[in-house]
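> So that we are looking at the same thing, I have put the structure below in structure tokens.
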């Protein structure tokens, strides 16, 4: 088990209901992660609706349309609210682990024509620098053994299984596609094996506020 510990918790009222915010910290690096917990998750035999959400300042806080992160965060919290119980782990690995400034550098390369993977490689990073094992450690500290994991990323599922977390179901999270992120989603599907279902059909183009200006 990684050297991470549960260090603080408090109630957090949100537009999706009241969550318990749980803070975790690595003993050596002092790096922090957070989990949002709703309802009673103490029954280890009952699968918990869960989401591992990697930090994305641009999508989560600044409402960027270049990715689907902000849409996934909102949808996951709403689904937990509807379920009445669940866990969202906020995984502090900005920019797939390369950090915010390098993410901006990667965006600059994408403006010049590279895709999201090519940009990371050009900067000297792997396609994905994240380590999801710490998320399994956080689940364990929360007493969660079985999850219904909201994700399109097969690596998250496999990492949880290898770490001893029983993923009984993968819940798709295909939301937020628009004309600014279709290439990004396509790249994740083709080069990273993500389970992406495109929504760029005629009905989507007619109803999506981010696509309408393209067809007027």
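From the backbone N, Cα and C atoms, a Cβ is placed for every residue, glycine too.
Quick caveat, the model's predicted, so the values are computed rather than measured.
Swiss-Prot lists these features:
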BINDING   51, 52, 53, 54, 55, 72, 94, 95, 96, 116, 151, 156  GTP binding site
BINDING   56, 67, 69  Zn(2+) binding site
ACT_SITE  128  active site, proton acceptor
ACT_SITE  130  active site, nucleophile
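How about a rundown of where these features are and what they're close to?
Of all Cβ atoms in the protein chains displayed, 22 besides its own lie within 10 Å of the Cβ of residue 55 (GTP binding site).
In the three-state DSSP scheme, residue 56 (Zn(2+) binding site) falls into the coil class. Shown in sequence order, 64, 67, 69, 70, 73, 94, 95 are the residues of the chain, 6+ apart in sequence, with a C-beta less than 8 angstroms from the C-beta of residue 56 (Zn(2+) binding site).
Counting every protein chain shown, the Cβ of residue 128 (active site, proton acceptor) has 19 other Cβ atoms within 10 Å.
Just so you know, the Cβ of residue 130 (active site, nucleophile) picks up 22 other Cβ atoms within 10 Å once every protein chain is counted.
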> Given the recorded Zn(2+) site (56, 67, 69), which additional residues of the same chain have their Cβ within 8 Å of the Cβ centre, ordered by sequence?
54, 58, 59, 60, 64, 66, 68, 70, 72, 73
> Three states by DSSP: which one describes residue 51 (GTP binding site)?
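In three-state terms, residue 51 (GTP binding site) counts as strand.
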> Which one is closest to residue 130 (active site, nucleophile) in space, judged by CA to CA distance, out of the binding-site residues 51, 53, 55, 96, 151?
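So, of the listed binding-site residues, the one sitting closest to residue 130 (active site, nucleophile) is 96.
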> Which of 51, 96 (the binding-site residues) has the most other Cβ atoms within 10 Å?
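Selected residue: 51.
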> In angstrom units, rounded to an integer, how far apart are the Cα atoms of residue 53 (GTP binding site) and residue 128 (active site, proton acceptor)?
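Cα-Cα distance, residue 53 (GTP binding site) to residue 128 (active site, proton acceptor): 14 Å.
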